[in-house]
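Marked as compositional bias 'Basic and acidic residues' by TrEMBL: 1-13. Residues or ranges marked as region 'Disordered' in TrEMBL: 1-23. For 363-456, the entry in TrEMBL reads domain 'Transglutaminase-like'. The active site feature in TrEMBL is assigned to CYS371, HIS430, ASP453. The annotation Ca(2+) binding site is assigned in TrEMBL to ASN493, ASP495, GLU542, GLU547.
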Amino acid sequence: MPGERLAVRDASEVGRFPGVAPPTRVELTIHKEGEKKEEEGGCRRWLRKAFPCCCQRQNSASLDVTDRVELVAPPTPPLLPEPPKSTPENGELKEMEEMKLSVCSVDLLSSKTGQNRAEHHTDMYHGDELIVRRGQSFQIEVEFNRPFDTDTDKLHLDMRTGPLPTVSKGTHATVLLVDSPEDKRWAAKIVEQSGNKVKLSVNSPASAVCGLYGLTVTCGATTGEATTTHSCSRNIVVLFNPWCEEDTVFLDDEEERKEYVLNDTGRIYYGTEKQIGARTWNFGQFHEGVLEACLFILEKSNIPPSGRGDPVNVVRVISAMINAQDDLGVLVGNWSGDYSDGVSPTAWSSSVEILRKYHSSDGFPVSYGQCWVFSGVTTTVLRCLGIPARSVTNFQSAHDTDVSLTTDIYLDENMDPIDYLNSDSVWNFHVWNDCWMARPDLPPGHGGWQAVDSTPQETSQGTFRCGPASISAIRSGQVFLKHDTPFVFAEVNSDKIYWQRNLDGTFSQIYSEKKAVGHYISTKASGSDERADITHLYKHQEGSEEERIAVETASRYGSKPNTYSSPVAEDVSVEVKIDDEGARMGADAQLSILVKNLSSHPRRTTLHSQVAVMYYTGVVKGTIKKEQISVELQPNEEKTIEWVLPYQQYQNQLVDQAALMLTLSGRVNETQQVLANQTTFRLRTPDITIKPLGEAVVGKEMAAKITFTNPLPRMLVGVVFRVEGLGLQKGHEVVVGDVGAHSTVTLTEHFIPTQPGPRKLVASLDCKQLTQVHGVADIVVLEK
């Protein structure tokens, strides 16, 4: 710096030039331009002594000005030391500054095709950010201003997440340089050194907080001199790690990890137990903007960053944030049938648009969702964060509103339902999620699949959320284990109890159905598009001793612990049968009622039947047909009664899922045995047909022919198609308009595939008169 004095001392003092004669001591002062000189240099002093007449100092008070000074060359002087040639550019000041270690740049080695992303199974995420999984080492490259000397230099990294990073809370990690990193703590090791560059292998603990981290590199000398710090311009995303044995989300099956973490498409099931429908859902957890949206949801949830290392906490928060009920979460639930100011729940076939829309609007809830949409988005978010997850459908799913762990149906003296008391319901189907994790907060044996539900039904600790509830605990009836195990148990294994009002206003239990709830619990099979029945994971075989023990164990913790009374003898049964295809939309619905007399005596009864249009949640919109059927049975006789619902009676009454519920009730005259049966069924809708045209090659245009035929004898108004294919084309709408009775619509989509491998092109139809119409085509895209 100007004004500083640089002294070149005896070489023996410096110790850098042994054996060289010590130079003359020289002091050099560097002045800023225009600055007054306070001392003369050695040469100037020598000239003034040799030629005093020419080198007289000017008196500061003199007004004389010397216009020209002539110098006569002096005789050769005796040996004199040469003036030093040191300058600020090549002096020791610069040399010493160069010796001080500093970071020039940090390369996170974050390319999608690089080693980090491949080893961490994050190469499918969009973009070139460094995305890693905890409990596993990753590499970064640091470039210094000079070669790093492990003997005299030191460095450490700082990883910070959250607004107030704290070491004690795990949100600020100091990563020290060590020779052999330990698995359970942050550490770094030099694995390669070339010139000024050093490659570090950084290890994170399997319990690290997940989320967005900032990185700084601090370096200096081991002698304790001043350090320099370099802040990396790019962030690091740390996710849960199902591949790491120490991580609580570890899943010890590579095929299941491919399915429940890496698969970005899936199947969601709906309908009724006798007519199970399936639709393809694009989870799209690796799609552009989805990871950012998931991290945004965590930020918006106000979960402390220190709590983001525990998957139980994260899953519980996600189940609350996917619905907008009380925290302005992602999706607004709507079961009204009016979706004019949003998107109909049946029109969605992907989570991508929903999450990106929520993020881009800075957290404004998206309209609208129902259970399968909530579940699809939950699967996306959990898989994106690294938690194994799947969408699960339970048919005949009970909704227990009073924690009785039974589904209660109240009848008056005439056996008619008492609507204001019948708050419990049984949904045709309900979709939630399973997620995989250990449960160190529960007794041993309760890890593995956990049920989590984002559909807002009942509050849990004041918030609309549900789970994670151990499926093992549900199966054994241990409903006292957290979180929300009683509610899920009632959904899959509660008994349906019928209560009749007495003349004095009290109620008596008159009948119970022990197999009415929790059928064909379904999820997509690992590695294929087949349906996997996982009912056995949630409950023991119906009617087995283990299953009844589980039910009675659970009931003791409910609000009606004395529900179960002595069993009643039964010798007449009633059952409803639906053929394989089921009732078709636009035609008369035909069912068969099978009544059996298992005794050796004649039996007579009158069956009261009523059919109601209902939402798939089990909420009845209204009854559209009632009738009474007299039945006489001889000993050991069975009769089949054909039951028909004409199209004209339901054509203007249907709601979203085209669901109907047939209720049968009666009493056997001879024994006073109560007969009760509720059967839900839906009217089958046609599929959309998608036929790929041409060869599927990355970068080459191809087409697909989409065909749909209106099954109704009336016009469909305002038909809109939604088409999307991950790696094929972006989701978009095609407005078709009105489609006449029994008319066929054909669309041809042109697109250019962008990603190789097996892909799915999905289409869905949205209109007021017809819902749950969709189709899918499998397309294998070749490399260019």
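Each Cβ is built from the backbone N, Cα and C atoms, and glycine gets one as well.
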Cβ neighbour count (within 10 Å, all chains shown) around GLU547 (Ca(2+) binding site): 18
CYS371 (active site) versus ASP495 (Ca(2+) binding site) - Cα distance in angstrom: 23
Lowest local Cβ density among ASP453, GLU542, which the record lists as recorded positions, within 10 Å: GLU542
Whole-number mean of pLDDT values that fall within the domain 'Transglutaminase-like' (363-456): 92
Three-state composition of the domain 'Transglutaminase-like' (363-456), taking helix and strand from DSSP: 18 helix, 41 strand, 35 coil
Shortest C-alpha distance to ASN493 (Ca(2+) binding site) - which of the active-site residues CYS371, HIS430, ASP453: HIS430
Those recorded positions of HIS430, ASP453, GLU542, GLU547 having Cα within 10 angstroms of CYS371 (active site): HIS430, ASP453
GLU547 (Ca(2+) binding site) to HIS430 (active site) - Cα separation in whole Å: 22
Residues close to Ca(2+) site centre defined by ASN493, ASP495, GLU542, GLU547, Cβ within 8 Å: SER494, LYS514, LYS515, VAL517, GLY518, LYS539, HIS540, GLY543, ARG548, ALA550, VAL551
HIS430 (active site): tally of other CB atoms within 10 A of its CB: 27
Alpha-carbon spacing, GLU542 (Ca(2+) binding site) to HIS430 (active site), which is rounded to whole Å: 20
For ASP495 (Ca(2+) binding site), the number of other Cβ atoms found within 10 Å of its own Cβ: 22
ASN493 (Ca(2+) binding site), number of other Cβ atoms within 10 Å: 25
